[in-house]
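Q: Once you've had a glance at the structure underneath, I'll fire off some questions.
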């Protein structure tokens, strides 16, 4: 028996048995050593354990050579078939019978159903024919049994439908139960696949006891669940045949039945369990059910990966099965021992066509499978792998989410994100003069940044983050935490070809952001003024809560209009809200003084309690002399603190105003630290301090801070130019009641005549037809125009509108008297001007000369050499792709005008005897007379009275140029040219030495105020964020008084509405305006020759309530030798000790003059009531020289006390 034990069959004590056993051992040796070697000894011990077992083995061994079957391992714990016969066919048969049996039943059912339907159809036709033949002879009762049958059938159909619907709900991913079941089935399928990976290390077929094998028990439980889920799917399926042929169904057929067979036979066959890997194909669907995958790229990536991996693992399982089993027709003798993971490796090198040859298929089935697999696998590898790599490589590098930092604000910047727009924004937003900007900037754009922009982000990585996405997508808004952002800033493309489309895009961005979070503060750039009205249609848009729209066209044309009133003002204001560092120049050149002024910016600060009770001019003087600060305005808020609409910005309000607690002041200073002196100033501690740098927080201030505040702060805290302070509303006290026009004005007021718009902010006239204001060239030539504004406009019928109303409105502000209004003459295409006329027909003194600004005949016809200002605009700039050619029309027009030569203009004036008054022009006014426009010598130049850089010589003064010299050459015509491309500024002045790479603000044309580019307005975005009052102040200065209420009115009617002159509307005229003060003559002439700017500042403020804030100086005034150059440059906020020269023009804010509206022909003295005495101001001829006023009181207090009447000349 021991000798016979060498066979795998158990052997016997006889020779034949031993021989049989030997044959069995020989077969066992041909099989894999790792499968059978350890089981041979176990078989021997099993045969010697009992006699009954030995006799049974002996009898079985006799028949084994006849069966010629392979021997499988037999353990002593498992009561297995001692003959060692393979039973793989039983496992496979169970699957095949299930699949084909079910398929046969489905086909049989369909066939019977089809036959039954055909038969019923024929029978139905027969019954119908019988029913027609019988007609009405049959009683109604004969049809009741049929109805009852139909009700029974309907009931049955309803029951089956209910069950089917219930099953569909159970497996549908639309319900929570369905999603749970789908996810659970997928998870259990992966679990079954893991069990297969574990069992793959065992033999392909082995005897196992179900009650002792833990993995088999788990696999059995999984498959029971799969069977139940299969039943639900079968019930819910509409087409049973297609369901039976689905991949998931085939997987169940070849994995579920073999498990039950293995329990019955007490043996396990690895078989086709690897098909569970096909369930991985549904991985992307599972992730979508769980809302993990939301983007198309991520879904596609997971789909490709799941299909590739599942195919790979499934094919490896098949190779593992056939290679470890062998070919059936070879009696399973050509097998080889390969682990599953070696098969995975073999399939990978096969798909990739590498084929190292270290592992290969030996069986015919394996090789045949490899032949077909390499075709499909190679195609899949060649297409799927590159696409997977591309998707992974193209995954959004900036697709994460923003993580808010505790204690640190963040803003979201979106819209037009380019290298230029971002660099300009960051340069101003993160400027060192803003104190410590503890704000993180999050950029959101749907296009990934290029290398240059990416490098810019990396340089500012501590404060800047970029995320790829769109604000129109709520998911992307959630990624950047828009709900917790301090504000959202939307940048516009200033150079786009279609401004209306760009505005529409930004409006859609505002709608999307406001829809996601209505309370977010939004600051957006708009290109066209008329598109601002669409923002008012957004329900959550609220300018009272900080929402602002920066209209570039409105501000650009407003700046240019102010330059028509005081040339150089556009440059000064643009420099004030732009953050620029101080550049020190040692040489005594004009750049030295210009750059000293450029370093000044606009800031706000709450005034110290030491200023309480003082008048505005007194506080202004104290701040300028002692604190070295220039205060130009304060914030006024009515007693109703809950309403922000009652808040106003008062610019140089005059001496009637008394400051109380919590007044917010607007200052011009070089940095934010200097402005804090106004808050820290204490009369008790700092009264004797001469160095303003020593004015810091004192002990008195600390005691005040320790006291509990009486009013809670309400103003929103922002970093940068503003600081937090108790926000008590500044209560303003007037010595006099609300200013009302004098009795003589009220008596002469014609209530039936509308001279102003309904708000009283602008001059108004009845709408005029464009034909009434058109001048022909001959009519214009016969009309002697002088002191007017010539607007050269390039545009055609297809050009985008630039909004000329924004240019005209500041020139028609009601704080000018009618006779002070400059006549405006447009020179350009009549087709274009017709499109703009709808917004211009309510303004007086406007004429049109159809033509082209490049025609010298047209320019001579409008007397361009006698104009106060020539404005060159173009509506065609953004239609050209080449940026260097965008400004070609404006540059050509500018050079054309400068090259013109003019004869003696006095001869031209003689044509006035044969001329006529142009439409809207009142020739009866002395200011409109040709001689007045030519030879006037004003000491103060205001809206209509700015000379063409002409100072007439007087004894003791150095005349730089004469009248005829100025008029003979076009180079002396004052003009301002709008540019799109900053670098094109180099072409405006042929005699300057500006480098092409010089920044715009450092170039001579910009410093002189003869060029303006819209790019300078980019700084307003960050300035508005840090202090929303800055935008209000700038708009008040440049628009002539436009308010949100007026914008709402224009949005309704797209035109100004005329209003009657009432005391309330006339009171709105009482507001400050910009003027230029000449030092050649007048009361300040003594200071013009070597005097100090500080003395001029104090004298103008005390005497005339005029607030000086800058100088417009000749470029070569610092030279000791005379120069013929008449170019001037801007000096902003010079220091107290700054030396003046006689040719300087002083920028000042002057009060409204109520008496200038009376007849200018009379030079007699006039007196007014006390209401107007506090509002005395000066116009062109209103300030006499000091020598002519011997009775003038010595002190301002005595003048106020005596209420002495002003003398007008």
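Cβ coordinates are placed from backbone N, Cα and C, and glycine is handled just like the others.
Because the structure is a prediction, the values reported are computed rather than measured.
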Q: Pick from 677-681, 682-686, 687-691, 692-696: which range has region 'Heme-binding motif' per Swiss-Prot?
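A: Here Swiss-Prot associates region 'Heme-binding motif' with the stretch 682-686.
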Q: Kindly point out which candidate in 390, 420, 440, 502 is recorded by Swiss-Prot as part of the Mg(2+) site with 463, 465.
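A: Checking 390, 420, 440, 502 against Swiss-Prot: the Mg(2+) site match is 440.
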Q: Swiss-Prot lists region 'Segment S8' for one of the ranges 614-634, 635-655, 656-676, 740-760; which is that range?
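A: That would be 614-634, the stretch labelled region 'Segment S8' in Swiss-Prot.
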Q: Do you know which of 369-389, 474-494, 516-536 Swiss-Prot annotates as transmembrane segment?
A: 369-389
Q: Motif 'Selectivity for potassium' per Swiss-Prot sits at which of 349-352, 353-356, 357-360?
A: 353-356
Q: Could you tell me how many residues in the region 'Segment S9' (784-804) are helical, how many are strand and how many are coil under DSSP?
A: 0 helix, 6 strand, 15 coil
Q: Where, among 88-108, 180-200, 266-286, 302-322, 369-389, do we find the most CB pairs under 8 A to the transmembrane segment (216-236)?
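A: Of the candidates 88-108, 180-200, 266-286, 302-322, 369-389, 180-200 scores highest.
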Q: For the topological domain 'Extracellular' (201-215), give the DSSP counts of helix residues, strand residues and coil residues.
A: 2 helix, 3 strand, 10 coil
Q: Could you give the number of helix, strand and coil residues in the topological domain 'Extracellular' (360-368) as assigned by DSSP?
A: 5 helix, 0 strand, 4 coil
